[in-house]
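> A single structure is presented below for examination.
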Amino acid sequence: MSKQYLQTHTLPNAHPTDIFSLAVTPSQLLSASGSSSIRIHSTKGQIIHADTPDEHPYPLVQTLEKVHPLGCHHICTSLDGRTAASAGFSGELKIWRCSEAGQWSPAGEIVPEEKKAGEHWPLALSENGQYLACTTHDGRINVYDTRAIAAEGTAAPKFTQYETKGSFGMSVDISANGSMTASGHQNGSIYIFNNSTARLAHSLAGLIKPVRSVKFSPACKYLAAAGDARIIALYDTQSGKQIANLTGHGSWIMSLDWNWSGEYLLSGGYDGKAKIWSLERRECVATQTESEKCLWSVLWLPKAASARNETFVTAGAGRTLAFYREASGT
Amino acid sequence: MDDDFEDLLGGREALVQDSSQESPTTAAAGLDFCESEEEEVLDDGHTLADTAVDYGLAMAVEVEMDQTRRLRKKTPQRGKDKRPNPRFTHSTPEIGAHAALRHFTPGSSDTTASAEPPASSALGKIEAVFEQIADDMLDGEREIGLSLDIRPRLLPKGRHPDGTTPPERKTRRLGFPGKTAEEAWRFTVVLRILELMHEALRTGVTISKRDMYYRDPALFGSQSHVDRYVDDIAYTFNVPRSALNVTAVAKGLVVGAMSICRRDGSVVHTGADREGILMPTLRDVLSVNLSAVKWIMVVEKEASFRSIAASSFWDRLSTEGVLITGKGYPDIATRAVLRYLCMPSPHNGFASPPSYALMDYDPDGLAIMSVYKYGSAALAHESADLRVPQLKWLGLRSEHMLLGGDGTHTSQGLLTLTARDRSKARKMLEREASAEDGDDSDEAESRRPLQVMLMLNIKAELQLLDAVPGCMTGLLERELHGCTD
């Protein structure tokens with residue numbers, strides 16, 4: 001039984017260039033692109049009159065103008081939605097905090113000492129936004145305490161640092177319970193670190209090609225990893241054993257996201273296809289083809305208590321934010 | 001293997017006496033240029049008659065060598081287990097002698113008619129190496145290997161006293177799997193180069209060292225490794241590099257449906273030779289006839305230029321297009337000619353054919369395109385007269401990365417960005433940002449390729465398209481047809 005998803009809304013030209021990264025809070029969607037600005041759309045808007053152009057479900061509520069002069073490649077938020085972090089192409093890393101009213105303001109910046117691109121590449125924040133993990137071009141994982149990052153902080157102290165074998169770190173994630181950090185690398189290696197002991201817990205085999213996304217399941221039981229090998233590998237985070245391979249993508253997999261319950265996994269491919277996978281059945285249950293343009297980022301929107309059906313959003317080279325909702329009645 | 005070289009050397013000793021009797025000039029030239037690596041000098045002071053005589057000798061020596069090889073084949077093989085490298089004990093001849101031998105195997109392209117015997121002997125030598133390896137494998141040897149002579153490095157050119165202190169001709173044996181991973185790699189590199197030379201000799205095409213490198217960049221690692229081993233192999237085989245159909249790269253080539261009228265009144269049709277002609281100097285050019293030209297395509301590398309010009313679809317395209325390469329970062333002459341062709345003027349019949357750039361997908365490819373398009377930083381003051389702002393990016397673009405499907409050849413063509421690539425890309429991004437501090441959307445447009453490249457962390461050479469049959473054709477026809485219609 002496959003599932004049906006319908007495109008409910010699109011925001012064309014949400015950015016003037018490729019949208020490289022998306023992040024969500026319970027009420028907002030943050031998007032980062034090759035342009036210098038970060039845009040924030042509310043996900044709590046209501047359709048009043050569908051025909052009126054300025055009233056739609058995802059109104060733009062804030063633009064952080066010219067914050068990353070060379071463009072921004074990664075953005076992430078903490079689960080509580082209060083903290084965000086963004087990384088720019090010139091190597092700078094910025095921390096943002098959200099006020100009660102939903103307005104974001106800068107809360108610190110790390111400027112890399114060595115001017116090397118990729119010093120900080122992907123980012124992940126812990127549940128309460130206290131810890132920020134980022135992998136580097138030489139395979140390290142730096143962990144910062146975001147409270148220690150000063151407004152113009154140049155010498156931000158590293159909270160801790162995990163060493164790997166030196167392959168470019170392409171993806172990173174912190175588990176929801178804060179106990180684990182995972183990284184995926186150019187050479188296909190995947191590591192899980194135990195945050196309380198600061199030790200390597202598992203070195204996971206299986207993908208030989210670049211790992212472009214690693215994501216812990218909401219209950220921290222599984223780790224999903226995917227990339228140029230075109231398969232999604234599922235690992236048990238306790239034993240480190242690979243428990244499943246999800247095959248079906250015909251192209252590189254650029255991003256992954258678990259839904260709130262951990263029942264479904266969303267993946268976006270270089271060929272513009274987004275797929276939804278059922279964990280129970282270990283197979284693809286829906287495929288959405290928006291265009292042939294690369295989907296840099298796909299993300300579930302947090303499920304509102306009132307909403308019956310879940311919504312996800314895709315973004316990429318098409319510069320469009322596209323929203324999909326599960327068709328009712330199934 | 002070893003036997004071959006011994007025989008070569010033995011033959012050489014006999015040869016030097018013969019040659020000094022037959023033709024004193026030959027021997028003299030040989031001594032003068034004994035250290036030279038350039039094959040051009042070998043033609044100095046030679047008449048065709050000389051070469052013809054020399055050929056006869058070379059042939060005779062070849063035959064003799066073959067016989068001795070056959071006779072002696074068994075002896076060293078028996079002794080092999082005890083003495084793995086008998087070469088070191090063998091007396092080495094005067095260095096002048098092997099230089100003289102080179103005279104008997106001139107394979108430079110201007111003597112193509114008579115180049116057949118030495119070329120085939122080079123082919124034979126490569127095949128002998130392959131056969132030896134194959135035999136060793138069939139015999140179940142624990143290790144396969146080949147020997148390379150080490151070129152003398154310290155002696156400066158032409159300063160070698162007349163053969164009184166001949167340097168030892170040293171040999172290095174490369175085994176596989178070998179003692180170290182590095183040795184195995186070296187063996188693989190040499191074998192791959194031999195394979196490429198063999199292919200070039202068999203098909204009768206000339207391959208550049210650069211092209212060799214790009215055929216397998218992941219294996220070779222850097223151009224200098226290829227250069228070194230190509231020269232080592234030529235030295236070991238005692239032939240000039242050109243006899244192996246390998247050339248170094250010269251600058252600027254053009255081929256296609258235009259004719260150039262020179263100031264001296266001569267007219268050159270650039271489509272006459274598929275190899276292309278060297279970029280003309282604008283000073284000598286009176287005008288060009290572009291009436292048949294619908295587009296001009298700039299190709300980053302000579303290798304791709306040649307592979308397009310030699311392909312069957314070029315038959316169709318050659319009547320309507322012009323192909324230009326500046327071989328990497330272009331020289332001024334190439335850029336000046338491109339601008340001359342693209343900018344309407346009385347000299348080109350007020351033609352303004354659209355121009356396209358076909359580059360590698362890496363920071364250098366984009367930088368090279370930007371040099372054609374906007375000029376180079378080093379020559380910023382001259383850029384205004386050299387740039388072609390309307391140049392359009394045909395490829396390789398990020399969307400071409402998956403053209404080849406999932407084959408192993410494709411994944412070999414895709415490489416990871418190095419730290420240098422990433423920092424170059426970042427510097428280029430910064431330059432773009434400072435140069436275009438205006439319109440946000442325009443700025444974003446020019447940055448996109450670099451950003452996407454950094455995001456993917458992948459680069460690709462144009463040779464990616466050669467790996468899959470029909471891939472290059474498909475791309476060009478699709479892209480150019482969109483424009484010519």
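Glycine is no exception: its Cβ is also placed from the backbone N, Cα and C atoms.
Got these off TrEMBL a minute ago, pasting:
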REGION    B:1-29  region 'Disordered'
COMPBIAS  B:17-26  compositional bias 'Polar residues'
REGION    B:66-94  region 'Disordered'
REGION    B:153-177  region 'Disordered'
DOMAIN    B:185-246  domain 'Spo11/DNA topoisomerase VI subunit A N-terminal'
ACT_SITE  B:Y214  active site, O-(5'-phospho-DNA)-tyrosine intermediate
DOMAIN    B:296-466  domain 'Topoisomerase 6 subunit A/Spo11 TOPRIM'
REGION    B:425-446  region 'Disordered'
COMPBIAS  B:425-434  compositional bias 'Basic and acidic residues'
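Are these features on the surface or tucked inside, and what touches them?
When the domain 'Spo11/DNA topoisomerase VI subunit A N-terminal' (B:185-246) is classified with DSSP, helix, strand and coil residues number 49 helix, 3 strand, 10 coil.
Note on the domain 'Topoisomerase 6 subunit A/Spo11 TOPRIM' (B:296-466): mean pLDDT across this stretch is 81.
With a threshold of 8 Å between CB atoms, the same-chain residues lying at least 6 positions outside the compositional bias 'Basic and acidic residues' (B:425-434) that come near it are 363, 366-367, 370, 417, 443, 446-447, 450-451, 453-454.
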> List the same-chain residues at least 6 positions away in sequence whose Cβ sits under 8 Å from the Cβ of B:Y214 (active site, O-(5'-phospho-DNA)-tyrosine intermediate), in sequence order, or say none.
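Listed in sequence order: B:K301, B:A303, B:E461, B:L462, B:Q463.
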